[in-house]
Ligand code: S3P
């Protein structure tokens, strides 16, 4: 399993005027799905802009272990897929490292096949709940062997003929929705997913692009009914992956917090299910100009010009959580420098991310002098404009719990706080944003 060796602490120090134009690596959600659907579809899929982080590479390895041919020629990943329904039994356990998305979606994709597949991961992934995906798979006829509490390692064995189900997703989770739909790809008949609260819709859009017969109906209350016809043909596609808005969040918030900054971030995915952070920061008074809005491969994309801004605390409504779920840690950092308090509600899903992000953020803020209140599903942050007194004078280290976004969020904090901020381990940043250190130091950030 990955991340062997010793933890690598990193420290960020007060910086001045971050400046420059940067391009963020490809979106993680779309990159995972590009490897999965390309690996499954008949014929050739060509991908540019793919995120080459550890999480996505593990998905690529899993698809290769199940029969997909994957190679990189120049800047393009070329995949020859098996054809829908024709994945091969993996000979060894599939190791997803730190990646919940790769693991959970692949459980859906291959779990319904009439052979055994075993899933393993690192300490973080092994501690995360898998029942949310295993339960609908059980309903489809999949036999499950799992460690206590439906944790990894998990072995799945599908039935001769999987049973198409209608599944109402009990929590706001794109991973659960997607796992059921992907299981539906190799299930005869119509698999239906009912999604009461909309989450990122990359699976739906991309499956349609690959030729799946998938429809979405949204009722007056916003409840979505997604129907997928199983065992249809998927055909290879050409995909240009736009920049990841969740990775964009780090240089973006850094530019807002470091006085004198003026940073442009190009080619950012602006799918409305992913833009909650930008909306919230704009409500806080952030100067973010959305430029050159365009459509690329069925997705909205734009360039963002971000300038230093004096922020004000706001109340973030609970129903915004799905569209900024991975961005709460860095929003909490932005809120630490805002005037007044910022209230965030509806955070229950933060407890089951790569770490318990709600607790990890609260402990990290406290360590660095920020007053905050952690509720069961909420966080209140009391800001200190200018960051006076924030950071850590001694050698206190933020505990990152193998969570890349906790590491990057607190490194952003250290760029604007009076004292440095140190994180206990920066290795995990490579799971989603291997270029983070170089990109940030290139803008003038003092991190090392
Ligand atoms: C993702 C869905 C979200 C998100 C994760 C990526 C996806 O997880 O946090 O980083 O690509 O489907 P949940 O479905 O658990 O909310």
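Cβ coordinates come from backbone N, Cα and C, glycine included.
TrEMBL lists 326 with the feature active site, proton acceptor. For residue 326 (active site, proton acceptor), the same-chain residues 6+ apart in sequence whose C-beta sits under 8 angstroms from its C-beta are 246, 249, 353, 405. Classification of residue 326 (active site, proton acceptor) by DSSP places it within a helix.
For residue 33 (3-phosphoshikimate binding site), the count of additional Cβ atoms within 10 Å of its Cβ stands at 25 [all protein chains shown]. Residues annotated as 3-phosphoshikimate binding site in TrEMBL: 28, 29, 33, 173, 175, 326, 353.
Mapped onto three states, the DSSP output places residue 405 (phosphoenolpyruvate binding site) in helix. Annotation source TrEMBL lists phosphoenolpyruvate binding site at 28, 100, 128, 175, 357, 405.
Feature annotation from TrEMBL assigns domain 'Enolpyruvate transferase' to 13-438.
Note on the region 'Disordered' (1-23): residues 54, 58, 95, 97-98, 120-122, 243, 251, 254-255, 258-267, 308, 387, 391, 397, 402, 407, 410-418, 420-428, 437, 439, 442-448 of its chain, located 6 or more positions outside it, place their CB under 8 angstroms from a CB of the stretch. Positions annotated as region 'Disordered' by TrEMBL: 1-23.
A count of other CB atoms within 10 A of each Cβ picks out 29 as the most crowded of the binding-site residues 29, 173. Proximity of residue 128 (phosphoenolpyruvate binding site) to non-local residues of its own chain (separation of 6 or more, Cβ distance below 8 Å) is seen for 100, 151, 152, 352, 354, given in sequence order. In the three-state DSSP assignment, the secondary structure recorded for residue 353 (3-phosphoshikimate binding site) is coil.
Neighbour density at the Cβ, taken as the number of other Cβ atoms within 10 Å, is lowest among the binding-site residues 28, 353, 357 for 353. The Cβ of residue 175 (3-phosphoshikimate binding site) lies under 8 Å from the Cβ of 100, 101, 104, 105, 132, 133, each of these being in the same chain and 6 or more residues away along the sequence.
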